[in-house]
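To start, the structure under review is shown below, and the notes come after it.
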Amino acid sequence: MRFMAGPAGSQNPGPMCFHSSLQALYTVLLIVLVMMSLVFGKFVPVNWERPQPLPVPKYLRCYRCLLETKELGCLLGSDTCLTPAGSSCITLHIKNGSNSDVMVSDCRSKEQMSDCSHTQTSPVSGFWMFSQCCFLGFLQ
């Protein structure tokens, strides 16, 4: 077995070695970027201003599904629809006495908003329907 004398013998190539080589790599990269900036004369200033807030969307995006159950998810027609300001998204729950729940989701225009948030009996005996809307207050 060989033993090394002097400072080389006390170095242990481990995590510190990796850290120092990574730090050296970052230093070289920084020097190269500064030199390129000086040679080519292009300097990209850093924008320290706070970013402007995103504009309020003009449309409300609603989930649309023609037949959905909690157990199986959407079975028919899964996509999204856009509805203009003043309109809403609606989910119609159709339930029976055994707590089975079938849902229909869609967009609702201003004229159809009377359907929102009320319960009614279904034309089919033993079932009832509950509609639930969500809307967003749009800025004009």
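Glycine is treated like the rest: Cβ placed from N, Cα and C.
Copied over from Swiss-Prot:
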- 1-41: signal peptide (SIGNAL)
- 60-140: domain 'UPAR/Ly6' (DOMAIN)
- Cys62-Cys89: disulfide bond (DISULFID)
- Cys65-Cys74: disulfide bond (DISULFID)
- Cys81-Cys107: disulfide bond (DISULFID)
- Asn96: N-linked glycosylation site (CARBOHYD)
- Cys116-Cys133: disulfide bond (DISULFID)
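Annotated features taken from Swiss-Prot, shown on the structure.
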| residue | record | Cβ neighbours (10 Å) |
| --- | --- | --- |
| Cys62 | disulfide bond | 22 |
| Cys65 | disulfide bond | 18 |
| Cys74 | disulfide bond | 16 |
| Cys81 | disulfide bond | 16 |
| Cys89 | disulfide bond | 22 |
| Asn96 | N-linked glycosylation site | 14 |
| Cys107 | disulfide bond | 20 |
| Cys116 | disulfide bond | 15 |
| Cys133 | disulfide bond | 18 |
Segment-level pLDDT (mean, integer) for the domain 'UPAR/Ly6' (60-140): 81
Candidate nearest Cys107 (disulfide bond) in space, where candidates are the disulfide-bonded residues Cys62, Cys65, Cys133 and distance is Cα-Cα: Cys62
Candidate nearest Cys81 (disulfide bond) in space, where candidates are the disulfide-bonded residues Cys62, Cys65, Cys89, Cys133 and distance is Cα-Cα: Cys62
Whole-number Å value for how far Cys89 (disulfide bond) lies from the residue listed as 'N-linked glycosylation site' (Cα to Cα): 23
Candidates Cys62, Cys65, Cys74, Cys89 (disulfide-bonded residues) with Cα within 10 Å of Cys116 (disulfide bond): Cys89
Spatial neighbour of Cys74 (disulfide bond) that is closest, considering only the disulfide-bonded residues Cys62, Cys89, Cys133 and their CA atoms: Cys62
Rounded distance in angstrom between the Cα atoms of Cys65 (disulfide bond) and Cys133 (disulfide bond): 15
